[in-house]
Amino acid sequence: MEAIRIGFGLPNVHSVPLCLTTTRCLFPRQRLLHSHTPSWKPAKQQDFFVASSSKKSSDDLESSLPTPHFSPSLWGDHFLSVSLNRAEFDELEREIETTKPLARDKLMSSESSDKEKIRLIHLLVSMGISYHFDKEIQDILKHSFTKLDDIIVGEDDLETISIMFEVFKLYGHKMSCDAFDRFRGNDGRFKESLVRDFRGMLQLFEVAHLGTPCEVIMDEALSFTRNHLESLTSGNASTASPHLLKHIQNSLYIPRYCNIEVLVAREYISYYEQEEGHDEILLKFAKLNFNFCQFHYVQELKTLTKWWRDLDLASKLPYIRDRLVESHLVALGPYFEPHYSLGRIIVAKINMIMVVVDDTYDAYATLPQVKALTECLQRWSIEVSDKLPDYLRIVLGSLFDVMGEIEREMRPLGRLYRVKQVVEKIKIITKAYQEIAKWARTGHVSTFDEYMKVGVLTAGMADYAAYCFIGMEDINEKEAFEWLNSNPLIIKHLTAMFRLANDVGTYETEINRGEVANGLNCYMKQYGVTKEEASRELRKMYVYRKKVVVEEFMNSHDHVPRQVLLRCLNIARIFDVFYTEGDGYSEPKGKIEHFMTSLYLHPIPLS
């Protein structure tokens with residue numbers, strides 16, 4: 001099958017060792033290791049710690065911030081102790097190979113109408129198994145869209161129209177939202193009789209999150225459905241079944257397109273199993289697929305945990321956020337499918353090492369140190385590293401080592417161009433980090449617009465997309481990066497989305513440690529409004545930006561590969577997961593912990 005073969009317990013993915021030897025390297029690792037810096041020699045690394053109480057020079061004290069104290073990792077080395085049974089993995093793979101043709105037969109059945117096939121596609125998407133039949137689905141929808149008017153004529157079922165609108169939009173076909181006019185009365189409002197159609201209301205609520213700036217009816221649909229669904233779940237006299245009520249509550253808490261795909265699938269499988277008349281073959285296939293994916297995730301976490309433990313940065317640099325497993329969850333956002341396993345490992349590694357760099361700029365280094373570090377990074381060289389204190393040499397050396405390791409992995413795959421592109425984007429983002437650090441150390445509160453010009457650069461969504469592209473086999477790298485480097489609208493608005501969500505979510509933490517360079521704070525100061533008022537305004541900006549992301553996703557299908565666009569749409573789904581209730585990445589206890597537990601620790605029972 002097309003899914004990757006992982007040798008459990010072995011440090012390899014796609015049969016490529018995670019550490020490949022090479023005589024040539026783009027990165028100055030060896031020079032750094034052998035430069036005249038005793039504290040960086042491997043034999044002494046384990047003895048070095050950054051102590052917040054250590055004495056600092058006058059330069060160190062210049063514009064310094066209070067040392068942050070993040071909670072320790074929830075996971076530690078847990079995944080190193082998790083045993084994976086290769087026989088169970090092989091059995092899962094065999095069952096998937098046996099069940100997949102049966103599922104495909106249902107999709108391709110000549111006895112099914114176009115409408116039935118589209119509803120089936122929606123089910124496959126919901127349960128996380130549509131990727132197995134991507135070509136078949138695209139062919140079906142391309143054919144069906146040519147006769148859409150005939151398919152929907154006379155259709156008065158809200159759930160069916162909503163499903164069709166969602167599925168066509170998800171695959172790049174522009175179904176007009178005029179199809180929803182049939183559900184509005186003479187006053188232009190949605191008919192109150194719809195509120196008794198619980199499934200139709202829920203489906204309309206979900207698809208309303210895929211609205212674009214010009215689709216005003218989607219805003220009306222969202223308000224209409226949310227109000228009635230909230231009333232439904234808060235009442236005691238509901239006629240909806242308990243499992244449907246729970247499903248509605250989950251959707252109100254975090255709607256489908258504000259959630260990571262695999263988390264949606266995990267919840268939907270449990271819901272679908274309780275539906276009367278569910279398809280046993282498709283349900284079994286979805287369960288097998290989830291457990292198969294989970295095997296991959298745990299193996300990836302075993303590999304990552306060993307890598308992170310060997311780096312030992314959590315003890316050497318105790319001011320950083322030790323969030324390796326959370327970084328893997330972030331990497332699941334763009335792609336959850338098994339064949340992107342190598343990509344997730346790469347994304348998680350770069351994300352984690354950039355968290356180290358970000359925390360150093362944000363919360364620990366003094367302004368002179370920030371400037372010296374930035375100079376080294378802009379040159380991508382250690383020539384000026386003598387200006388750095390020992391702990392910054394560890395930060396710099398670790399970044400060079402990680403990128404050098406990835407370069408060695410990518411060389412035999414012919415993907416060095418992708419790694420070079422990521423390096424250039426790291427230079428851009430760290431230069432912006434310096435500007436924000438300067439504002440923070442000097443107490444400068446800029447205007448909101450001035451802040452956003454720099455803040456969007458630190459958001460790094462172009463960087464994140466580039467990380468994702470490294471591990472993808474199904475793209476043309478030159479075309480993908482030419483498009484990415486053209487600064488397309490979808491990336492601009494993704495970047496703004498992250499900046500807005502992050503600044504609202506991290507406001508309390510950042511202000512408490514003296515970081516005034518925060519978008520929410522800048523807005524409050526500029527307009528003289530309360531935190532609550534500023535939060536509402538930034539949320540409006542966020543919602544608008546997301547609509548543009550959806551619009552650009554739709555408008556770009558004729559010149560940008562679907563696999564590239566999907567990464568962007570999926571990245572947009574990450575932000576609400578982590579930032580709707582504070583800073584879920586930095587403080588994952590609670591919701592994020594629950595999500596990680598459901599994905600990594602609990603397989604779905606097959607019977």
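Here the Cβ of each residue, glycine as well, is placed from N, Cα and C on the backbone.
What Swiss-Prot records for D358, D362 is Mg(2+) 2 binding site, and it gives similarity to another entry as the kind of evidence. In the three-state DSSP scheme, D362 (Mg(2+) 2 binding site) is classed as helix.
The feature Mg(2+) 1 binding site is assigned by Swiss-Prot to D358, D362. Taking a C-beta cut-off of under 8 Å and a sequence gap of six or more, D358 (Mg(2+) 2 binding site) has these contacts in its own chain: Y433.
The motif 'DDXXD motif' annotation in Swiss-Prot covers 358-362.
Taken from Swiss-Prot, the feature Mg(2+) 3 binding site applies to N502, T506, E510. Under 8 Å, Cβ to Cβ, and six or more positions away along its own chain, E510 (Mg(2+) 3 binding site) finds D362, N518, N521.
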Cβ neighbour count within 10 Å of N502 (Mg(2+) 3 binding site): 22
Environment of N502, T506, E510, the listed Mg(2+) 3 site - residues of the same chain whose CB lies within 8 A of the CB centroid: D503, V504, G505, Y507, T509, E515, N518, D583
Model confidence over the motif 'DDXXD motif' (358-362), averaged pLDDT: 94
Distant-in-sequence Cβ neighbours of T506 (Mg(2+) 3 binding site), under 8 Å, six or more positions away: N518, Y579, G582, D583, S586
